[in-house]
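All remarks here apply to the structure that follows.
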Protein chains: 2
Amino acid sequence: MATGRTHRPATRSRGIPEATVARLPLYLRALTALSERSVPTVSSEELAAAAGVNSAKLRKDFSYLGSYGTRGVGYDVEYLVYQISRELGLTQDWPVVIVGIGNLGAALANYGGFASRGFRVAALIDADPAMTGKPVAGIAVQHTDELEKIITDNGVSIGVIATPAGAAQQVCDRLVAAGVTSILNFAPTVLSVPDGVDVRKVDLSIELQILAFHEQRKAGEETVAPDEVASAQAAAQDTPGAAAAAPAPLAPHRAAPAAGTDNGRQGPDGDVPAVMPA
Amino acid sequence: MATGRTHRPATRSRGIPEATVARLPLYLRALTALSERSVPTVSSEELAAAAGVNSAKLRKDFSYLGSYGTRGVGYDVEYLVYQISRELGLTQDWPVVIVGIGNLGAALANYGGFASRGFRVAALIDADPAMTGKPVAGIAVQHTDELEKIITDNGVSIGVIATPAGAAQQVCDRLVAAGVTSILNFAPTVLSVPDGVDVRKVDLSIELQILAFHEQRKAGEETVAPDEVASAQAAAQDTPGAAAAAPAPLAPHRAAPAAGTDNGRQGPDGDVPAVMPA
DNA sequence: CCATCTTTGTGCACGCGTTCACAAAGACAT
DNA sequence: ATGTCTTTGTGAACGCGTGCACAAAGATGG
């Protein structure tokens with residue numbers, strides 16, 4: 001998922017919790033699959049299983065939309081598909097621009113999930129003149145110079161940023177200035193935007209790092225009794241192997257920023273320098 | 001962000017909250033940038049601004065790791081980089097396989113963010129024989145038949161699924177059976193995995209739909225009260241009775257999406273009709 | 001028309017995450 | 001040393017999200 005959103009503190013637009021909104025697309029997908037199999041109705045239990053959530057949660061989520069179910073029967077699939085689509089704003093057409101047609105941008109342009117849900121790729125934009133005019137996913141790439149014109153001409157309000165990190169903020173500023181109010185950011189940067197603009201972030205690297213954390217923990221649990229090491233928590237919480245030569249973590253001394261000296265090089269771990277490269 | 005995780009109810013590894021873990025990579029990135037500029041120390045206020053979070057939240061997050069700051073001064077950048085890296089398990093090398101080398105898989109293989117943080121692409125795997133041997137991002141694609149061997153030979157514990165939706169669950173099962181315990185899923189499907197396996201999901205379509213919701217709400221606020229579509233709701237309320245028999249009280253628009261082009265042959269998400277296992 | 005059975009909709013309690021606000025800790029100047 | 005100033009670390013309150021458990025609503029059968 002995209003991690004977090006920016007601004008808009010209590011996004012409770014007269015009813016629907018943010019967490020619920022984030023699950024509606026999930027329900028919609030499951031319902032669409034049922035619809036294609038011509039299943040007429042579905043119970044909260046079945047649908048919850050298909051969407052991978054708790055059935056009580058699903059019912060509560062739907063209760064924010066209204067009372068669209070029939071007790072003793074369940075939910076009418078087609079009707080619910082429409083209601084959720086309407087709530088999400090998918091009954092209208094959303095022109096979208098993708099800025100930065102590198103590997104990722106091209107992949108996004110080719111991603112079928114966009115076109116099938118009310119999103120239309122209005123334009124592909126790249127700063128590289130060599131890319132201009134080149135067709136990607138059947139659409140000719142346009143140069144960044146045209147950005148403002150493209151936005152206004154097509155009435156684009158949603159932009160996707162797939163540029164390198166260095167260009168992201170600048171592109172973002174231009175998009176916002178031209179009228180875009182929702183941004184999906186794939187660049188590994190924190191974008192700053194004015195109030196009223198929504199930003200969602202998708203960060204591949206972060207997802208992997210979160211997995212690595214759990215992976216490391218799983219590996220550690222096998223070897224050490226995980227219970228009640230509370231006291232040691234502050235002291236050393238690393239893997240058994242690496243624990244040995246770690247510099248005393250508590251020591252508030254270390255006044256001189258030892259930089260890459262004692263902590264940069266981690267002996268027993270060996271494999272990789274602790275200092276992270278760019 | 002990737003939306004949610006699967007299983008592992010109270011993922012509190014005896015100390016660090018899940019929400020904090022999800023932010024650590026963010027801090028790490030900001031710190032790395034500071035480190036490259038040779039900034040020796042940083043205050044919680046500065047670092048929080050760079051990471052786009054509240055400073056109190058940042059301090060509390062760090063407090064779960066230990067007392068690594070110096071009051072009146074701030075945090076030592078290099079030292080903190082090391083501590084967070086260690087906590088996330090980035091001081092070791094994580095071999096990763098990417099399954100499904102389409103547009104997205106290729107983009108992921110080329111993504112620099114992987115290699116730079118302790119993650120190493122151990123292999124690219126695709127089911128298409130025509131892809132076998134073809135170099136992508138400097139690595140020769142291997143056939144799915146080799147999957148199990150690749151996993152065990154390289155000691156891979158993290159797998160990335162970038163296949164069409166229809167193949168995702170099968171690939172997932174094979175990965176898990178071969179020993180993978182963490183999965184990053186880009187396919188628009190709910191994966192079911194045994195206990196002890198972590199799944200994180202990145203779903204581009206869902207992110208856009210969430211943006212569309214907020215966009216619609218923003219547009220509605222400007223005009224008139226968008227809620228209270230009482231007429232539509234009341235009219236709809238009594239229809240479900242007939243819905244069971246007749247083709248349902250679908251609303252006027254988009255009974256069949258038919259928006260622009262395709263949709264005739266492909267499933268809702270373009271990849272493959274998402275057939276849900278009941 | 002009544003009884004029974006299924007499934008929704010929701011009141012309630014609990015736990016996690018966020019934020020505020022402040023005391024404690026250290027740096028620095030005198 | 002002592003005082004002042006800066007910044008951390010955290011106790012406590014609050015709000016959101018989740019899940020349980022059950023009453024209400026409707027279908028179904030006799």
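Placement of Cβ uses the backbone N, Cα and C atoms for every residue, glycine included.
As given in TrEMBL:
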- B:89-190: domain 'CoA-binding' (DOMAIN)
- B:GLY100, B:ILE101, B:GLY102, B:ASN103, B:LEU104, B:GLY105: NAD(+) binding site (BINDING)
- B:222-278: region 'Disordered' (REGION)
- B:226-259: compositional bias 'Low complexity' (COMPBIAS)
Taking each of B:GLY100, B:ILE101, B:ASN103, B:LEU104 in turn, which of these binding-site residues have a Cβ less than 8 Å away from a Cβ in chain A?
B:ASN103, B:LEU104
Taking DSSP H, G, I as helix and E, B as strand, the domain 'CoA-binding' (B:89-190) contains 40 helix, 29 strand, 33 coil
Over the domain 'CoA-binding' (B:89-190) the mean pLDDT stands at 96
Using the structure shown, find which entry in B:GLY100, B:GLY102, B:GLY105 (the binding-site residues) has the sparsest Cβ neighbourhood within 10 Å.
B:GLY102
So how many other Cβ atoms are close to B:LEU104 (NAD(+) binding site), meaning within 10 Å of its Cβ?
25
Same chain, |i - j| six or more, Cβ under 8 Å of B:ILE101 (NAD(+) binding site); the result in sequence order is B:ALA109, B:LEU124, B:ILE125, B:ASP126, B:MET131, B:VAL136, B:VAL141, B:ALA162
